[in-house]
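J.: The structure follows.
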(Lines of atoms letter the chains of each structure in order from A and count residues from 1; the text may use other names and numbers.)
(Lines give C-alpha, C1' and ligand atoms only; values in the text may rest on other atoms or scores of the structure.)
Protein backbone atom coordinates (compact mmCIF):
# COMPACT_ATOMS: atom_id res chain seq x y z
CA UNK A 1 0.00 0.00 0.00
CA UNK A 2 1.31 3.44 -0.95
CA UNK A 3 0.97 5.55 2.17
CA UNK A 4 2.42 8.67 0.46
CA UNK A 5 4.79 11.15 2.00
CA UNK A 6 4.42 12.78 5.37
CA UNK A 7 6.91 14.73 7.42
CA UNK A 8 6.29 12.40 10.32
CA UNK A 9 6.93 9.15 8.43
CA UNK A 10 9.99 10.52 6.61
CA UNK A 11 11.92 12.30 9.34
CA UNK A 12 15.18 11.60 7.52
CA UNK A 13 14.22 13.82 4.56
CA UNK A 14 15.68 17.35 4.64
CA UNK A 15 13.37 20.34 5.16
CA UNK A 16 14.25 21.68 1.73
CA UNK A 17 12.46 18.67 0.23
CA UNK A 18 9.17 19.68 1.80
CA UNK A 19 9.73 23.34 0.98
CA UNK A 20 10.10 22.45 -2.70
CA UNK A 21 6.95 20.35 -2.52
CA UNK A 22 4.94 23.21 -1.03
CA UNK A 23 6.34 25.83 -3.41
CA UNK A 24 5.67 23.68 -6.47
CA UNK A 25 2.09 23.19 -5.30
CA UNK A 26 1.70 26.94 -4.85
CA UNK A 27 2.41 27.51 -8.53
CA UNK A 28 -0.82 25.73 -9.42
CA UNK A 29 -3.01 27.78 -7.08
CA UNK A 30 -4.47 30.99 -8.57
CA UNK A 31 -4.85 32.55 -5.11
CA UNK A 32 -1.06 32.42 -4.68
CA UNK A 33 -0.11 34.05 -7.98
CA UNK A 34 1.98 36.92 -6.63
CA UNK A 35 5.44 37.94 -7.94
CA UNK A 36 6.85 37.80 -4.40
CA UNK A 37 5.89 34.11 -4.23
CA UNK A 38 6.33 32.90 -7.82
CA UNK A 39 9.22 34.93 -9.27
CA UNK A 40 12.56 33.80 -7.84
CA UNK A 41 14.28 36.98 -9.05
CA UNK A 42 11.77 39.00 -7.02
CA UNK A 43 12.29 36.77 -3.97
CA UNK A 44 16.07 37.28 -4.16
CA UNK A 45 15.64 41.04 -4.60
CA UNK A 46 13.22 41.40 -1.68
CA UNK A 47 15.77 39.71 0.55
CA UNK A 48 18.01 42.73 -0.13
CA UNK A 49 15.27 45.14 1.01
CA UNK A 50 13.37 45.95 4.18
CA UNK A 51 9.74 45.19 3.32
CA UNK A 52 6.53 45.37 5.31
CA UNK A 53 3.80 43.19 3.80
CA UNK A 54 0.46 44.55 5.04
CA UNK A 55 -2.32 42.04 4.46
CA UNK A 56 -5.85 43.38 4.01
CA UNK A 57 -9.10 41.50 3.73
CA UNK A 58 -12.28 40.29 5.36
CA UNK A 59 -12.14 37.53 7.99
CA UNK A 60 -12.07 34.14 6.29
CA UNK A 61 -10.79 35.50 2.98
CA UNK A 62 -7.46 33.69 3.18
CA UNK A 63 -5.15 36.31 4.74
CA UNK A 64 -3.66 34.04 7.38
CA UNK A 65 -2.99 31.27 4.88
CA UNK A 66 -1.29 33.77 2.59
CA UNK A 67 0.74 35.20 5.48
CA UNK A 68 2.02 31.74 6.39
CA UNK A 69 2.99 31.05 2.76
CA UNK A 70 5.01 34.30 2.68
CA UNK A 71 6.80 33.42 5.91
CA UNK A 72 7.49 29.89 4.64
CA UNK A 73 8.89 31.28 1.38
CA UNK A 74 11.33 33.73 2.96
CA UNK A 75 12.12 31.86 6.19
CA UNK A 76 15.19 33.43 7.82
CA UNK A 77 14.92 37.14 8.52
CA UNK A 78 11.11 37.02 8.40
CA UNK A 79 8.56 37.68 11.15
CA UNK A 80 4.77 37.55 11.12
CA UNK A 81 2.66 39.70 13.42
CA UNK A 82 -0.96 38.53 13.54
CA UNK A 83 -3.87 40.35 15.17
CA UNK A 84 -5.24 36.91 16.08
CA UNK A 85 -2.34 36.38 18.49
CA UNK A 86 -3.47 39.46 20.43
CA UNK A 87 -7.09 38.23 20.64
CA UNK A 88 -8.26 41.12 18.47
CA UNK A 89 -11.70 40.51 16.99
CA UNK A 90 -12.14 42.06 13.51
CA UNK A 91 -14.19 45.24 13.63
CA UNK A 92 -13.89 48.67 15.20
CA UNK A 93 -10.48 49.16 16.83
CA UNK A 94 -11.77 51.20 19.76
CA UNK A 95 -12.55 48.18 21.91
CA UNK A 96 -9.02 46.82 21.44
CA UNK A 97 -6.86 49.90 22.01
CA UNK A 98 -4.61 48.15 24.54
CA UNK A 99 -4.23 45.10 22.32
CA UNK A 100 -3.28 47.25 19.32
CA UNK A 101 -0.82 49.16 21.48
CA UNK A 102 0.95 45.89 22.32
CA UNK A 103 0.84 44.77 18.69
CA UNK A 104 2.39 48.04 17.51
CA UNK A 105 5.08 47.88 20.19
CA UNK A 106 6.03 44.38 19.04
CA UNK A 107 5.93 45.41 15.38
CA UNK A 108 8.22 48.38 16.11
CA UNK A 109 10.60 46.11 18.04
CA UNK A 110 10.88 43.83 15.00
CA UNK A 111 11.45 46.88 12.77
CA UNK A 112 14.46 47.82 14.90
CA UNK A 113 16.12 44.42 14.55
CA UNK A 114 18.91 44.20 11.99
CA UNK A 115 18.33 40.50 11.29
CA UNK A 116 14.74 40.99 10.04
CA UNK A 117 14.21 41.96 6.39
CA UNK A 118 10.61 40.83 5.84
CA UNK A 119 7.70 41.71 8.16
CA UNK A 120 4.22 40.31 7.55
CA UNK A 121 1.24 41.96 9.28
CA UNK A 122 -1.94 39.86 9.28
CA UNK A 123 -5.06 41.90 10.11
CA UNK A 124 -8.21 43.15 8.33
CA UNK A 125 -6.63 46.64 7.90
CA UNK A 126 -9.90 48.02 6.52
CA UNK A 127 -9.65 51.49 8.11
CA UNK A 128 -7.66 54.31 6.49
CA UNK A 129 -6.67 55.73 9.86
CA UNK A 130 -5.12 52.42 10.89
CA UNK A 131 -3.24 52.08 7.60
CA UNK A 132 -1.86 55.60 7.96
CA UNK A 133 -0.43 54.66 11.37
CA UNK A 134 1.31 51.68 9.78
CA UNK A 135 2.64 53.75 6.88
CA UNK A 136 4.12 56.24 9.34
CA UNK A 137 5.85 53.39 11.18
CA UNK A 138 7.22 52.10 7.86
CA UNK A 139 8.62 55.59 7.17
CA UNK A 140 10.11 55.79 10.63
CA UNK A 141 12.05 52.55 10.18
CA UNK A 142 12.58 52.98 6.42
CA UNK A 143 10.60 49.92 5.31
CA UNK A 144 9.01 49.79 1.89
CA UNK A 145 5.33 48.77 1.95
CA UNK A 146 3.57 46.12 -0.12
CA UNK A 147 -0.22 45.90 0.33
CA UNK A 148 -1.51 42.37 -0.20
CA UNK A 149 -5.11 41.23 -0.54
CA UNK A 150 -6.14 37.57 -0.96
CA UNK A 151 -7.13 36.45 -4.45
CA UNK A 152 -9.59 33.80 -3.26
CA UNK A 153 -12.86 33.64 -5.20
CA UNK A 154 -14.90 34.22 -2.01
CA UNK A 155 -12.87 37.14 -0.60
CA UNK A 156 -15.83 39.58 -0.78
CA UNK A 157 -18.68 37.05 -0.56
CA UNK A 158 -20.11 37.62 2.91
CA UNK A 159 -22.38 34.56 2.70
CA UNK A 160 -19.38 32.26 2.20
CA UNK A 161 -17.16 34.21 4.58
CA UNK A 162 -19.76 33.73 7.31
CA UNK A 163 -19.03 29.99 7.16
CA UNK A 164 -15.26 30.33 6.80
CA UNK A 165 -14.27 32.95 9.40
CA UNK A 166 -13.05 31.66 12.78
CA UNK A 167 -14.73 34.47 14.73
CA UNK A 168 -18.28 33.33 13.92
CA UNK A 169 -19.07 36.77 12.54
CA UNK A 170 -22.47 37.09 10.88
CA UNK A 171 -22.97 38.18 7.28
CA UNK A 172 -24.17 41.56 8.61
CA UNK A 173 -21.00 41.95 10.70
CA UNK A 174 -18.90 41.24 7.62
CA UNK A 175 -20.86 43.68 5.46
CA UNK A 176 -19.97 46.48 7.89
CA UNK A 177 -16.27 45.83 7.26
CA UNK A 178 -16.64 45.44 3.50
CA UNK A 179 -16.76 49.10 2.29
CA UNK A 180 -13.18 49.77 3.39
CA UNK A 181 -11.92 46.79 1.38
CA UNK A 182 -13.90 46.99 -1.86
CA UNK A 183 -11.73 49.73 -3.36
CA UNK A 184 -7.97 49.64 -3.95
CA UNK A 185 -5.95 51.80 -1.57
CA UNK A 186 -3.83 54.01 -3.81
CA UNK A 187 -0.42 55.40 -2.76
CA UNK A 188 0.99 58.90 -2.89
CA UNK A 189 2.91 57.59 -5.89
CA UNK A 190 3.93 54.35 -7.61
CA UNK A 191 7.51 53.67 -8.61
CA UNK A 192 10.58 51.47 -8.57
CA UNK A 193 12.24 51.38 -5.13
CA UNK A 194 15.90 50.44 -5.19
CA UNK A 195 17.41 47.79 -2.94
CA UNK A 196 19.61 49.01 -0.13
CA UNK A 197 22.76 47.86 -1.96
CA UNK A 198 21.76 49.52 -5.25
CA UNK A 199 20.79 52.71 -3.40
CA UNK A 200 24.18 52.88 -1.71
CA UNK A 201 26.03 52.21 -4.98
CA UNK A 202 24.14 54.92 -6.87
CA UNK A 203 24.33 57.38 -3.98
CA UNK A 204 28.10 56.89 -3.81
CA UNK A 205 28.45 57.37 -7.60
CA UNK A 206 26.41 60.57 -7.32
CA UNK A 207 28.59 61.86 -4.49
CA UNK A 208 31.81 61.17 -6.42
CA UNK A 209 30.31 63.01 -9.41
CA UNK A 210 29.53 66.06 -7.25
CA UNK A 211 33.02 66.07 -5.74
CA UNK A 212 34.72 65.78 -9.15
CA UNK A 213 32.45 68.38 -10.74
CA UNK A 214 33.01 70.84 -7.90
CA UNK A 215 36.78 70.59 -8.45
CA UNK A 216 36.63 70.83 -12.25
CA UNK A 217 38.07 74.04 -13.75
CA UNK A 218 35.17 74.43 -16.21
CA UNK A 219 32.67 74.30 -13.34
CA UNK A 220 34.62 76.82 -11.27
CA UNK A 221 34.20 79.36 -14.07
CA UNK A 222 30.40 79.02 -13.80
CA UNK A 223 30.05 79.26 -10.02
CA UNK A 224 27.84 82.36 -10.30
CA UNK A 225 24.93 80.03 -11.21
CA UNK A 226 25.19 78.42 -7.75
CA UNK A 227 26.32 81.33 -5.57
CA UNK A 228 23.78 84.07 -4.73
CA UNK A 229 24.58 87.70 -5.51
CA UNK A 230 28.16 88.84 -5.90
CA UNK A 231 29.54 86.60 -3.18
CA UNK A 232 33.14 85.73 -4.21
CA UNK A 233 33.83 82.02 -4.28
CA UNK A 234 36.67 80.02 -5.80
CA UNK A 235 35.21 76.62 -4.98
CA UNK A 236 32.06 75.12 -3.57
CA UNK A 237 31.04 71.87 -1.91
CA UNK A 238 28.24 70.50 -4.08
CA UNK A 239 27.58 67.62 -1.68
CA UNK A 240 26.67 70.19 0.97
CA UNK A 241 24.84 72.39 -1.55
CA UNK A 242 22.51 69.49 -2.44
CA UNK A 243 21.95 68.73 1.23
CA UNK A 244 18.27 67.87 0.82
CA UNK A 245 18.74 64.18 0.01
CA UNK A 246 16.33 61.23 -0.03
CA UNK A 247 16.73 59.12 3.11
CA UNK A 248 16.77 55.34 3.00
CA UNK A 249 16.42 53.78 -0.42
CA UNK A 250 16.24 55.75 -3.65
CA UNK A 251 13.34 55.47 -6.09
CA UNK A 252 12.15 56.26 -9.61
CA UNK A 253 8.56 57.57 -9.59
CA UNK A 254 6.19 56.45 -12.33
CA UNK A 255 2.80 57.94 -11.42
CA UNK A 256 1.91 60.54 -8.79
CA UNK A 257 -1.48 59.40 -7.49
CA UNK A 258 -2.11 61.56 -4.40
CA UNK A 259 -3.98 58.59 -2.86
CA UNK A 260 -6.35 58.50 -5.84
CA UNK A 261 -7.05 62.23 -6.07
CA UNK A 262 -4.60 62.99 -8.92
CA UNK A 263 -5.98 63.01 -12.49
CA UNK A 264 -5.73 59.57 -14.08
CA UNK A 265 -4.68 57.84 -10.86
CA UNK A 266 -7.60 55.39 -10.74
CA UNK A 267 -7.19 54.46 -14.41
CA UNK A 268 -3.45 53.97 -13.98
CA UNK A 269 -3.92 51.72 -10.96
CA UNK A 270 -6.48 49.54 -12.73
CA UNK A 271 -4.15 48.62 -15.60
CA UNK A 272 -3.55 44.89 -15.89
CA UNK A 273 0.19 45.45 -16.37
CA UNK A 274 0.36 47.37 -13.09
CA UNK A 275 -1.48 44.67 -11.15
CA UNK A 276 0.88 42.01 -12.56
CA UNK A 277 3.98 44.14 -11.89
CA UNK A 278 3.11 45.26 -8.34
CA UNK A 279 5.73 43.90 -5.91
CA UNK A 280 7.86 42.57 -8.81
CA UNK A 281 11.63 43.03 -9.18
CA UNK A 282 13.12 45.00 -12.07
CA UNK A 283 16.59 46.03 -13.22
CA UNK A 284 16.83 49.74 -14.07
CA UNK A 285 19.54 51.18 -16.32
CA UNK A 286 21.27 54.47 -15.45
CA UNK A 287 22.84 56.20 -18.47
CA UNK A 288 23.81 59.62 -17.08
CA UNK A 289 24.09 61.81 -13.98
CA UNK A 290 23.18 65.49 -14.08
CA UNK A 291 23.37 68.68 -12.06
CA UNK A 292 21.42 71.95 -12.28
CA UNK A 293 21.37 74.87 -9.82
CA UNK A 294 18.29 73.26 -8.26
CA UNK A 295 18.73 69.47 -8.39
CA UNK A 296 21.02 66.53 -9.03
CA UNK A 297 19.80 63.21 -10.33
CA UNK A 298 20.31 60.09 -12.43
CA UNK A 299 18.74 59.55 -15.84
CA UNK A 300 16.93 56.20 -16.17
CA UNK A 301 16.64 54.47 -19.55
CA UNK A 302 13.48 52.37 -19.43
CA UNK A 303 13.13 49.04 -21.25
CA UNK A 304 10.09 48.21 -23.39
CA UNK A 305 8.65 46.22 -20.49
CA UNK A 306 9.20 49.09 -18.05
CA UNK A 307 7.70 51.64 -20.46
CA UNK A 308 4.38 49.79 -20.11
CA UNK A 309 4.27 51.12 -16.54
CA UNK A 310 5.15 54.67 -17.61
CA UNK A 311 2.29 57.21 -17.89
CA UNK A 312 1.77 58.73 -21.33
CA UNK A 313 1.32 62.33 -20.15
CA UNK A 314 4.38 63.17 -18.03
CA UNK A 315 7.13 63.76 -20.61
CA UNK A 316 6.13 67.31 -21.58
CA UNK A 317 7.03 70.74 -20.27
CA UNK A 318 4.62 72.34 -22.73
CA UNK A 319 1.79 70.95 -24.92
CA UNK A 320 3.97 71.26 -28.04
CA UNK A 321 6.81 69.09 -26.69
CA UNK A 322 7.32 65.78 -28.45
CA UNK A 323 9.93 63.97 -26.38
CA UNK A 324 10.06 60.14 -26.41
CA UNK A 325 8.01 58.30 -23.81
CA UNK A 326 10.02 57.73 -20.65
CA UNK A 327 12.16 60.85 -21.11
CA UNK A 328 11.37 62.08 -17.61
CA UNK A 329 12.41 58.81 -15.91
CA UNK A 330 14.95 59.71 -13.24
CA UNK A 331 16.11 59.13 -9.70
CA UNK A 332 16.49 62.19 -7.47
CA UNK A 333 19.86 62.23 -5.69
CA UNK A 334 19.55 65.63 -4.04
CA UNK A 335 17.95 69.07 -4.07
CA UNK A 336 19.14 72.54 -3.15
CA UNK A 337 17.53 74.23 -0.16
CA UNK A 338 13.83 75.06 -0.62
CA UNK A 339 13.59 72.99 -3.83
CA UNK A 340 11.07 70.14 -4.08
CA UNK A 341 12.03 66.80 -5.63
CA UNK A 342 9.47 67.15 -8.43
CA UNK A 343 11.86 69.72 -9.92
CA UNK A 344 14.41 66.99 -10.77
CA UNK A 345 12.24 65.54 -13.54
CA UNK A 346 11.47 69.00 -14.90
CA UNK A 347 15.19 69.81 -15.00
CA UNK A 348 15.87 66.60 -16.92
CA UNK A 349 13.13 67.43 -19.45
CA UNK A 350 14.71 70.87 -19.98
CA UNK A 351 18.05 69.22 -20.71
CA UNK A 352 16.53 66.69 -23.12
CA UNK A 353 14.49 69.36 -24.87
CA UNK A 354 17.71 71.32 -25.41
CA UNK A 355 19.40 68.17 -26.77
CA UNK A 356 16.54 67.54 -29.18
CA UNK A 357 16.88 71.11 -30.38
CA UNK A 358 20.40 70.27 -31.53
CA UNK A 359 22.47 71.49 -28.59
CA UNK A 360 24.16 68.75 -26.59
CA UNK A 361 26.35 71.31 -24.92
CA UNK A 362 30.12 71.52 -24.82
CA UNK A 363 32.28 68.55 -23.90
CA UNK A 364 34.64 69.91 -21.26
CA UNK A 365 36.55 66.83 -20.16
CA UNK A 366 36.36 63.39 -18.63
CA UNK A 367 35.54 62.38 -15.08
CA UNK A 368 36.09 58.93 -13.58
CA UNK A 369 32.81 57.55 -14.95
CA UNK A 370 32.50 59.25 -18.33
CA UNK A 371 32.38 62.45 -20.37
CA UNK A 372 31.30 65.75 -18.83
CA UNK A 373 29.18 68.21 -20.80
CA UNK A 374 28.41 71.84 -19.98
CA UNK A 375 24.89 72.71 -21.12
CA UNK A 376 24.85 76.35 -20.00
CA UNK A 377 22.85 78.05 -17.24
CA UNK A 378 24.52 75.94 -14.58
CA UNK A 379 23.46 72.62 -16.11
CA UNK A 380 25.93 69.74 -16.36
CA UNK A 381 25.59 66.20 -17.68
CA UNK A 382 27.90 63.24 -17.08
CA UNK A 383 27.32 60.65 -19.82
CA UNK A 384 28.40 57.34 -18.32
CA UNK A 385 31.02 55.37 -20.23
CA UNK A 386 29.38 52.24 -18.83
CA UNK A 387 25.72 52.18 -17.86
CA UNK A 388 24.90 51.37 -14.25
CA UNK A 389 22.32 48.70 -13.44
CA UNK A 390 20.32 48.91 -10.23
CA UNK A 391 17.85 46.47 -8.71
CA UNK A 392 14.41 47.68 -7.63
CA UNK A 393 10.93 46.58 -6.52
CA UNK A 394 7.86 48.12 -8.16
CA UNK A 395 5.44 49.18 -5.43
CA UNK A 396 3.81 52.30 -3.97
CA UNK A 397 4.84 54.89 -1.41
CA UNK A 398 1.88 55.26 0.96
CA UNK A 399 3.19 57.67 3.59
CA UNK A 400 2.62 61.40 3.88
CA UNK A 401 5.91 62.47 2.35
CA UNK A 402 6.60 64.62 5.41
CA UNK A 403 9.52 64.58 7.85
CA UNK A 404 9.24 61.89 10.53
CA UNK A 405 11.87 60.88 13.10
CA UNK A 406 13.84 57.96 11.69
CA UNK A 407 15.22 55.03 13.63
CA UNK A 408 17.33 53.08 11.19
CA UNK A 409 19.49 50.16 12.24
CA UNK A 410 22.73 52.06 11.54
CA UNK A 411 24.48 53.89 14.31
CA UNK A 412 25.01 57.59 13.81
CA UNK A 413 24.26 58.98 10.38
CA UNK A 414 23.60 62.53 9.28
CA UNK A 415 19.86 62.27 8.85
CA UNK A 416 17.78 63.00 11.93
CA UNK A 417 14.47 62.99 10.10
CA UNK A 418 13.04 61.33 7.04
CA UNK A 419 11.58 63.40 4.23
CA UNK A 420 10.38 61.31 1.31
CA UNK A 421 11.26 63.10 -1.92
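All residue numbers here begin at 1 and follow the chain in the order shown.
Cβ atoms here come from the backbone N, Cα and C positions, even for glycine.
Per Swiss-Prot, the features are:
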- 6: phosphoserine (MOD_RES)
- 9: phosphoserine (MOD_RES)
- 110: phosphotyrosine (MOD_RES)
- 170: phosphoserine (MOD_RES)
- 251: active site, proton acceptor (ACT_SITE)
- 253, 332: substrate binding site (BINDING)
- 330: active site, proton donor (ACT_SITE)
- 359: phosphoserine (MOD_RES)
- 418: cysteine methyl ester (MOD_RES)
- 418: S-farnesyl cysteine (LIPID)
J.: Hey, of 110, 170, 359, which of those modified residues are within 10 Å of residue 253 (substrate binding site), Cα to Cα?
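T.: Cα filter at 10 Å returns nothing.
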J.: Based on DSSP, name the secondary structure state of residue 253 (substrate binding site): helix, strand or coil.
T.: strand
J.: Closest to the residue listed as 'active site, proton donor': which of the recorded positions 110, 170, 251, 359, going by Cα position?
T.: 251
J.: Spatially, which candidate from the recorded positions 170, 251, 359 is nearest to residue 110 (phosphotyrosine), comparing Cα atoms?
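T.: Ranked by Cα distance from residue 110 (phosphotyrosine), first place goes to 251.
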J.: Using Cβ-Cβ distances, find the residues under 8 Å from the residue listed as 'active site, proton acceptor' that belong to the same chain and are at least 6 apart in sequence, listing them in sequence order.
T.: 191, 192, 193, 194, 331, 392, 397
J.: If you count, for each of the recorded positions 253, 332, 359, the other Cβ atoms lying within 10 Å of its Cβ, which residue has the minimum?
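T.: 359, out of the recorded positions 253, 332, 359, has the fewest neighbouring Cβ atoms within 10 Å.
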J.: Using Cβ-Cβ distances, find the residues under 8 Å from residue 170 (phosphoserine) that belong to the same chain and are at least 6 apart in sequence, listing them in sequence order.
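T.: Listed in sequence order, they are 162.
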J.: In terms of DSSP three-state secondary structure, what is the assignment for the residue listed as 'active site, proton donor'?
T.: strand
J.: What's the CA-CA gap between residue 359 (phosphoserine) and residue 332 (substrate binding site) in angstrom, rounded?
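T.: Between the Cα atoms of residue 359 (phosphoserine) and residue 332 (substrate binding site), the distance comes to 24 Å.
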